[in-house]
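What follows is one structure encoded as structure tokens, with my remarks underneath.
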């Protein structure tokens, strides 16, 4: 969950998001070291009176600054590709939910159940109850079981949308005429908020996403009450 004046990411709730946080720290360390080295070299160039106007070539230096960046790029690319393949992997999902983007709300369909579908609209600010979050609360939350692999099928009825939940490391484009898929698995129960992350019109900011992850027995009770 985000909070005011937050500088970092939201707390990771899924294994994928934990991997993304580790990759971010790994890449940030490399960028910090390179930036420090470049700033140090620039400061030396500005403060020293020594020059090398007679130097015509320096093959050793050229070899180093060709090979070293290649090694650094490999150190960044390998963990990035690993996470990319992990995000695309689908392992026997326990539940499949189809979400459709509309201007400007989301609709959900639990394909493993008959007639379990609903629309999810943002609750207007004037109707919020004490403790509820402005521009993030919806009238129908997406209730899902925790610690289970869930497949999300994402598409759109009209224009481009994007279904995103930061704390779960999810962001999937909703494209008209195309069905994209992603998987999620929450390691703990709770409410997780997201929003449409693709500009889709005048009310783009009013398309929140709320996932309610609960233990399996509570999910079964909820699904039975919705049928």
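Keep in mind that glycine also has a Cβ here, set from the backbone N, Cα and C atoms.
Note that this is a predicted model, so its numbers are computed, not measured.
Here Swiss-Prot flags 1 as N-formylmethionine.
Residues 20-21, 24, 166-170, 184-188, 190-193, 213 of the same chain, all 6+ positions outside the topological domain 'Mitochondrial intermembrane' (1-14), place their C-beta atoms under 8 angstroms from a C-beta of that stretch. Annotation comment: Swiss-Prot describes 1-14 (among others) as topological domain 'Mitochondrial intermembrane'.
Tertiary neighbourhood of the transmembrane segment (15-45): same-chain residues 9, 72, 75-76, 79-80, 83, 86-87, 166-170, 184-185, 187, selected by CB-CB distance under 8 Å and a gap of 6+ residues from either end. Residues or ranges marked as transmembrane segment by Swiss-Prot: 15-45 (among others).
Sequence annotations record features per position, and here Swiss-Prot assigns topological domain 'Mitochondrial matrix' to 46-59 based on experimental evidence. Per-class residue totals from DSSP over the topological domain 'Mitochondrial matrix' (46-59), listed helix then strand then coil: 3 helix, 0 strand, 11 coil.
Under the heading transmembrane segment, Swiss-Prot lists 60-87 (among others).
When DSSP labels each residue, the topological domain 'Mitochondrial intermembrane' (88-227) comes out as 21 helix, 61 strand, 58 coil, counted as helix, strand and coil in that order. If you look up Swiss-Prot, you'll see 88-227 (among others) marked as topological domain 'Mitochondrial intermembrane', on the strength of experimental evidence.
Among the features that Swiss-Prot reports, Mg(2+) binding site is placed at 198, with the record citing experimental evidence. Cβ environment of residue 198 (Mg(2+) binding site): 160, 161, 162, 173, 174, 204 lie under 8 Å away, each six or more residues apart in the same chain.
Under the heading phosphotyrosine, Swiss-Prot lists 218. If you draw a 10 Å sphere around the CB of residue 218 (phosphotyrosine), it holds 15 other CB atoms from the protein chains shown.
Look at the topological domain 'Mitochondrial intermembrane' (1-14): DSSP puts its residues at 0 helix, 0 strand, 14 coil.
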